[in-house]
Number of protein chains: 2
Amino acid sequence: MSDAPIVRPLPVSGFPEWLPEVRIVEQRWLDTIRATFERYGFSSVETPSVEALDVLTAKGETSQEVYTLRRLQADADDDSARLGLHFDLTVPFARYVAAHFNELVFPFKRYQMQRVWRGERPQEGRFREFTQCDIDVINVDRVPLHFDAELPRIVHEVLGTLGVPPWTLNINNRKVLQGFYEGLGIGDPLAVIRIADKMDKIGPDGVANLLGAQAGLDADQVRACLDLAAIRATGPGVVDEVRRLGVKSDLLTEGLDELAQVLGDLADLPTGSVVADLSIARGLDYYTGTVYEAKFVDWPDFGSICSGGRYENLAGSFIRRSLPGVGISIGLTRIFAKLLAEGLLPTGPASPADVLVVVPAAERRAAALATATALRARGLKVETYHQPDKLAKQVRYAARKGIGFVWFPPFDEGREHEVKNMATGDQTAADPAAWHPTSS
Amino acid sequence: MSDAPIVRPLPVSGFPEWLPEVRIVEQRWLDTIRATFERYGFSSVETPSVEALDVLTAKGETSQEVYTLRRLQADADDDSARLGLHFDLTVPFARYVAAHFNELVFPFKRYQMQRVWRGERPQEGRFREFTQCDIDVINVDRVPLHFDAELPRIVHEVLGTLGVPPWTLNINNRKVLQGFYEGLGIGDPLAVIRIADKMDKIGPDGVANLLGAQAGLDADQVRACLDLAAIRATGPGVVDEVRRLGVKSDLLTEGLDELAQVLGDLADLPTGSVVADLSIARGLDYYTGTVYEAKFVDWPDFGSICSGGRYENLAGSFIRRSLPGVGISIGLTRIFAKLLAEGLLPTGPASPADVLVVVPAAERRAAALATATALRARGLKVETYHQPDKLAKQVRYAARKGIGFVWFPPFDEGREHEVKNMATGDQTAADPAAWHPTSS
């Protein structure tokens with residue numbers, strides 16, 4: 001040990017890391033999500049963590065806090081300062097589709113499970129590095145509307161399989177918002193959408209103030225906007241509720257038709273799991289139709305745990321083709337860390353091993369290794385204890401690592417092997433060429 | 001489509017990305033590696049991609065090109081400039097062990113498969129973002145020497161299972177080098193190690209020049225150093241070869257004993273797969289004993305594909321405990337990209353789906369979806385075609401995505417389902433409640 005000053009070993013704030021008994025559960029979650037995505041035939045894609053800054057900002061997206069890169073020993077021709085870490089997986093995916101347009105089969109259905117980075121100040125549920133699990137469909141010219149329902153259905157299956165506490169998927173359609181505002185005679189509907197998107201944070205009064213002061217709406221227009229944002233409905237009846245406000249435009253009709261069809265396609269899901277929420281806007285400029293935002297029922301203030309929507313023009317920043325898409329993103333780290341913090345996440349064992357083979361004495365180490373090899377050859381996960389030691393100590397090591405079975409190779413050649421079931425305490429004779437965890 | 005200027009969609013140079021039919025193979029590789037690591041009872045750990053700069057440079061490690069971070073909209077109290085992307089997984093792991101010392105069970109055996117970043121100029125086999133797959137053992141006070149053999153044995157199994165072309169694991173021991181140089185009366189053995197490590201790049205003459213000019217060695221010392229570096233041996237006979245050079249020191253004896261034991265433990269592996277190579281030094285300052293470096297037999301100039309070694313004092317930068325470790329890292333992206341470039345990597349299908357269910361007509365879409373659901377409930381991976389279309393077009397879509405079977409729900413209620421084996425062209429009646437890919 002040196003006498004050099006000690007460097008603080010904690011991870012940087014906002015950059016989560018888990019103990020092995022938590023990580024093993026996260027890995028199980030990732031496996032479950034991936035298996036579900038693949039069961040629907042989605043292909044895996046990964047893109048670099050790093051993109052050119054002009055790619056990341058191609059849609060004028062500057063509301064996200066992007067981390068840019070610089071080499072520690074940067075020289076004059078350093079190009080790394082024009083690089084940034086991706087802040088979502090949608091923009092890189094659109095870039096990927098444009099880059100490989102001639103080599104992909106369309107409609108291209110992909111899943112992507114990667115870390116993303118945002119240089120935000122850390123707070124509950126907000127990380128600076130976190131994992132997202134996205135599914136998107138991009139097609140040439142047109143993406144059938146039924147995908148707008150299929151994607152949340154897959155997410156519903158994923159979260160159900162993971163056993164996540166009750167949650168609601170709120171759905172809206174940007175055409176409804178934009179068409180409604182146009183029908184009200186508002187000149188810059190996008191500005192109104194951006195203000196309406198703050199409803200969660202500043203409430204109806206705050207939004208009303210901004211709509212007047214910033215967007216220049218009159219009192220009637222403000223009231224109509226708030227009336228629209230107050231609408232919640234669990235089925236296609238949402239159309240009548242909007243129509244009752246008396247506003248008309250072609251885009252509004254188109255948006256309501258789409259919204260009604262998506263809600264109708266999802267009508268078989270449990271009541272309350274999908275809700276039309278006309279206040280949902282999703283601030284990102286690239287959404288053009290359906291938008292999604294899921295929240296925990298019990299923690300509404302925790303914010304979004306899944307989000308997404310339909311984008312018509314995102315890939316158009318990179319290629320002169322019409323490549324519309326629709327996608328949804330599961331905020332894995334947000335959900336996982338919340339359940340962990342709430343004590344709702346049963347942790348796993350600290351080791352993946354099924355069996356610990358003990359080393360009864362130095363001269364029996366070769367026999368212990370041979371036993372472990374025989375068990376592994378049959379697909380079992382096996383750790384060999386690292387040195388001859390008191391048997392009680394070796395058994396305690398297995399208990400602390402959550403290993404379910406302890407294997408005792410015979411002390412003397414020719415005697416029987418024994419295996420101890422750590423859950424029941426039973427110890428029985430066993431054959432390394434035939435034994436299985438379920439047989440003890 | 002907008003008329004805005006097109007942003008170049010290619011990924012940034014040095015940041016690889018794969019098409020779906022390549023990514024599916026990479027994913028299979030990662031699964032294989034992980035399964036092997038777990039079969040030996042290693043626990044999964046992931047650490048943040050980002051560490052404080054003083055962590056990354058705790059061992060004076062400045063030879064790696066570290067990427068530092070800066071928020072795009074950085075303000076005065078921005079702390080991100082003191083953050084960097086990790087350039088390996090060993091330093092973060094040592095930091096992790098120190099941070100969670102009281103919660104871990106020792107010896108702590110972990111695997112870690114993550115991306116790392118180095119701000120180097122891209123060239124063949126050198127990426128700026130790449131995935132490494134590491135296994136390490138860290139223990140309190142002492143790590144038994146047999147781990148120095150167990151880790152390369154696991155790597156041997158991994159690379160064998162992956163079907164990687166012939167490769168050699170070169171082993172050396174830093175105590176042999178340091179002890180030998182001390183025995184020669186050299187005052188700064190570490191400086192000599194750093195020069196000797198350049199053998200690959202500048203050859204014996206270049207090293208000889210630097211040993212004289214920079215390290216101040218006399219002609220006899222230089223010759224002895226080169227004689228040592230020229231030694232290659234496939235077994236414990238290496239000890240006699242070194243002894244024959246007539247240099248003596250306690251540290252040299254200790255290093256030779258360790259090297260002989262590790263080689264002896266690996267003697268059952270195929271001849272040529274493990275070689276003692278006394279020129280291997282591994283530049284990193286944190287190695288203190290065994291060092292590893294693997295290379296392809298057919299592409300010796302391609303450089304290292306696995307590397308690692310034993311480090312006694314790495315975690316000591318973060319905690320006042322003795323936490324020695326030994327580890328080895330598989331350079332997954334380097335190996336994978338090389339085989340891809342050489343045309344030696346059979347690519348997979350572009351889709352993970354086992355079956356494509358066709359949609360014969362709009363009014364049969366519900367029946368197609370029900371068929372897909374039935375097949376999925378039995379664990380199969382199933383894509384439903386996205387719209388009613390000519391059957392020939394739907395079959396061609398399956399062929400282009402590499403989907404092995406096309407399922408035809410009946411056109412009329414009550415008639416039989418049929419399934420087409422795309423490899424053989426056979427089309428037969430099938431029951432969605434009983435059919436399996438191996439049955440057709």
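Glycine too: its Cβ is placed from the backbone N, Cα and C atoms.
What TrEMBL says about a protein is an automatic prediction, not a curated fact.
Bear in mind that the values here come from a model prediction, so they are computed numbers and not experimental data.
For the L-histidine site, TrEMBL gives A:Asp88, A:Leu89, A:Thr90, A:Gln132, A:Asp136, A:Arg282, A:Tyr286, A:Tyr287; the one candidate out of A:Arg70, A:Arg71, A:Arg118, A:Arg153 that the record lists there too is A:Arg118. Most other Cβ atoms within 10 A: among the binding-site residues A:Thr90, A:Gln132, that distinction falls to A:Thr90. Binding-site extent for L-histidine: residues A:Asp88, A:Leu89, A:Thr90, A:Arg118, A:Gln132, A:Asp136, A:Arg282, A:Tyr286, A:Tyr287, maximum pairwise Cα distance 21 Å (rounded to the nearest whole number).
DSSP assigns A:Gln132 (L-histidine binding site) to a strand in the three-state reduction. Counting every protein chain shown, the number of other Cβ atoms lying within 10 Å of the Cβ of A:Asp88 (L-histidine binding site) is 21. Annotation for the binding-site residues A:Arg282, A:Tyr287: lowest Cβ count within 10 Å of the residue's own Cβ, A:Arg282.
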